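Step one of this worksheet: look at the structure below.
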């Protein structure tokens, strides 16, 4: 029987963080590094918990090289070959602790991932990525991967509700990806009518995960460094970004010149572009749930990284958090009708 949940759910655009008294004298005093010990793998990881999404335009080896210099993380897209991985591992061994191998839930995906992890044993993270993390098949796949790789840290998703976060953690996942439809090039919500506002999803899923000593990634909906800060404030352990890292030198694809403007292609992994590239086209039984856009070329990603990290440090000083770990404890969200002054855009 159809039912309506009348509780209002909120997104990042619906709130601001209230400033609070602080003893910090400078943004430079803020520690953005986190150390986690994961529930099922028992592995420990230290770094700044911002992740480049495993999309084939941004989740590249070139991106991982720069991100690892800042102790940040990259979920490498699943379309690199075994030889590509071997070459990367040989030339950039210092990056391997800050990357994940990505996989879908098919048998071919599992076989390819297994070969990569056997060839590059220094990689300890697995990112199991499907559009709909609610299927029984996916839960069974997570259990299978856990049985085959008992000491690897498994990221799995995507879901947006607490009961499914708990199910995946109890099935062997360590970190749950939270977000259905909020991405900048995702059209799931308009094609299917399915989704969940990201701020509320993160708050609710973090509560469920942390009760089981699990962790979550807020995946999608961030448009600016302030949104990244709100995701951490809402309880996310990691924040995954795609659109904010698009358009850079380190992204896949050539720079396009059109009408004197430099551009780079960025597309969702369920878009026509991605499915034609990797699956020979859109299957007749499904619809494209992503868009393809031309993003203004932004140059090297280093400047964007510094902008995001600088914004996070500033957020922490405004709310009195000396460490990123403290941000969620110091966060009070206020509902708003406007985010900023729009006189000049």
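Placement of Cβ uses the backbone N, Cα and C atoms for every residue, glycine included.
Annotation comment: Swiss-Prot describes 26-27, 78, 129-131, 180-181, 269, 285-286, 314-317 as NADP(+) binding site, evidence class sequence analysis. All chains included, 26 other C-beta atoms sit within 10 angstroms of the C-beta of residue 180 (NADP(+) binding site). DSSP assigns residue 180 (NADP(+) binding site) to coil in the three-state reduction, outside any helix or strand.
Look at Swiss-Prot and you will find 28 tagged as phosphoserine, backed by similarity to another entry. Cβ environment of residue 28 (phosphoserine): 313 lie under 8 Å away, each six or more residues apart in the same chain. A helical conformation is recorded for residue 28 (phosphoserine) in the three-state DSSP classification.
Other Cβ atoms within 10 Å of the Cβ of residue 181 (K(+) binding site), summed over all protein chains shown, number 23. According to Swiss-Prot, the feature K(+) binding site maps to 181, 183, 186, 189, an assignment based on sequence analysis.
As annotated by Swiss-Prot, active site, thioimidate intermediate applies to 186. For residue 186 (K(+) binding site), the Cβ neighbour count at a 10 Å cut-off comes to 25, with all displayed protein chains included.
Annotation comment: Swiss-Prot describes 188 as active site, proton donor/acceptor, evidence class sequence analysis. Secondary structure at residue 188 (active site, proton donor/acceptor), taken from DSSP and collapsed to helix, strand or coil, is helix.
The GMP binding site annotation in Swiss-Prot covers 242, 243, 268, 269, 270, 286, 287, 288, 289, 290.
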Euclidean distance between Cα atoms of residue 317 (NADP(+) binding site) and residue 181 (K(+) binding site), Å: 32
Using Cα positions only, nearest of the binding-site residues to residue 186 (K(+) binding site) (26, 78, 180, 315, 317): 180
For residue 130 (NADP(+) binding site): DSSP state (helix, strand, coil): coil
Candidate binding-site residues 189, 242, 289, pick with smallest Cα gap to residue 130 (NADP(+) binding site): 289
Cβ-centroid neighbours of K(+) site 181, 183, 186, 189, 8 Å, sequence order: 179, 180, 182, 187, 188, 195, 220, 289
Among 78, 242, 289, 315, 317, which are recorded as binding-site residues, the nearest neighbour of residue 183 (K(+) binding site) by Cα: 242
